[in-house]
């Protein structure tokens, strides 16, 4: 039986800001821009009590919480803290699969400490994180990745929960499918149209039905409905793509305004790449219009991109190719694909460096 831990930092960006600035402690904080077209990147738990959430337009957030304090993001600091946390994980296991700067899967079945009880390992890791970074973490412990992820949400903030093989299937059956990890809003809505509201409803559907209506994801849904998830914790896992998108509160017609909206998307994409230690060669821009039609444009370079500015420059050039817009723009997206890990990127760059010398 595997022992999987999912560690998730509590309100990570906002908590770092409250840690570093005592005046922010106990107050509603949003990491992001207060500008009219700004977006909340993260919200403290004090802000969440007013309904403030990440990805929410700043105007909406300020309306819900008039005393909300906006703090500009410091991604270099968040990355440094994330590396401290990653080092703590490495004291316990080599099987670490980071999902972002603030969460990761750990397989502690065979761990470096020789500890047998996964809940004790999770508790010790959380204590170490608190001692070294001053931040709180929550954790979920189970026998597979899906249930560990679900468990980490049960006792947030600053808590942990375990889902055992005995209670796993029953837990899944009562869970609303919209809360399933891997089921986004569009998929949940599609499931609802088929009368699938809970895990029990999902379990009642055959593998053939799920494959027919949900494609490759059908087999995954069939398994997790039964508490089964065979995915391994993979330290070397490379995602096929990393993307970010934003739906605007007011549609855009102006190219300069639209181009300005690309920067936060490029920043988000690159910071996810840094967390995964990957880069990519193909930049894609998605433009969704007010009538819900969309256009995509891509550009592939010989070498992986190296930083926010390179993503932004490519995305801006691609966006310009669909201007004048045929309708006003309601959503923009930026995706980086053809991903490689850092070592592969260095190997590709080395021949050019040799030639230059």
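Glycine is no exception: its Cβ is also placed from the backbone N, Cα and C atoms.
Note on the domain 'UmuC' (4-184): its mean pLDDT in the predicted model is 94. Annotation comment: Swiss-Prot describes 4-184 as domain 'UmuC'.
What Swiss-Prot lists as Mg(2+) binding site is 8, 102. Using a 10 Å Cβ-Cβ cutoff, residue 102 (Mg(2+) binding site) registers 23 neighbours.
For 13, the entry in Swiss-Prot reads site 'Substrate discrimination'. The Cβ of residue 13 (site 'Substrate discrimination') has 26 other Cβ atoms within 10 Å, all protein chains considered.
Marked as active site by Swiss-Prot: 103. Other C-beta atoms found within 10 angstroms of the C-beta of residue 103 (active site) number 20, with every protein chain shown included.
Between the C-alpha atoms of residue 103 (active site) and residue 13 (site 'Substrate discrimination'), the distance comes to 12 Å. Neighbour density for residue 8 (Mg(2+) binding site): within 10 A of its CB lie 19 other CB atoms from the protein chains shown. A coil conformation is recorded for residue 102 (Mg(2+) binding site) in the three-state DSSP classification, outside any helix or strand.
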